[in-house]
């Protein structure tokens with residue numbers, strides 16, 4: 001069985017920098033450390049309000065990364081233009097509301113199929129591999145397939161936020177079933193959102209999962225143990241799963 005890919009999201013390095021309006025810590029430096037520690041890719045979310053990652057960060061990372069860039073973005077003309085100009089390896093289309101602290105749910109592909117299909121086609125024509133961040137739901141998985149995206153990233157937030165063991169078991173089973181279904185219709189399965197050092201192993205053990213995108217928990221741990229160690233610790237969890 002292939003090894004799992006770890007995508008390290010460095011958004012919150014930029015959050016820390018922007019909290020004081022200074023130039024440090026530098027997301028570009030953080031990405032280099034994460035690469036050396038075992039990250040298979042670097043994920044960044046260029047939000048419409050630029051609350052953490054900036055256009056300059058995107059441009060600098062494109063020049064310096066030695067691993068694939070996964071650019072998360074809303075489905076807007078501005079973001080499509082930036083992605084096509086930047087040429088990340090992957091572009092993950094996500095829903096976005098300005099008032100939310102973090103992405104709260106999956107993209108409603110079924111409800112805006114024409115728009116998502118058009119965005120997917122434009123990005124694909126530019127040589128960018130498209131993933132759609134969706135809930136673990138058959139309707140959305142089917143819509144992602146119809147839209148022409150080769151990859152889905154299943155939203156693990158409900159699993160991560162489960163307050164009881166029973167609820168967590170139900171959510172894990174839902175992720176397992178959705179992963180199996182998406183894989184069966186020819187989609188690559190990635191997962192992400194809310195994953196940390198105590199809940200990632202079970203998700204990583206789902207056979208169809210290829211990549212986990214994890215950010216906040218790694219950056220939070222980095223404050224205590226350093227970024228290199230924080231990434232290595234998560235890498236070890238993924239390696240244990242396979």
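In case you wondered, yes, glycine gets a Cβ from its N, Cα and C as well.
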Annotated companion of 9, 20, 215, 216 at the 3-amino-2-oxopropyl phosphate site, Swiss-Prot, chosen from 38, 186, 194: 194
Most Cβ neighbours inside 10 Å, all chains, among the recorded positions 11, 72: 72
Other C-beta atoms that fall within 10 angstroms of the C-beta of residue 12 (1-deoxy-D-xylulose 5-phosphate binding site): 22
Residue 12 (1-deoxy-D-xylulose 5-phosphate binding site) to residue 45 (active site, proton acceptor) - Cα separation in whole Å: 10
Secondary structure of residue 194 (3-amino-2-oxopropyl phosphate binding site) (DSSP, helix/strand/coil): coil
Number of other Cβ atoms within 10 Å of the Cβ of residue 193 (active site, proton donor) across all protein chains: 25
Sparsest-packed of the listed binding-site residues (20, 47, 52, 216) - C-beta count within 10 angstroms: 20
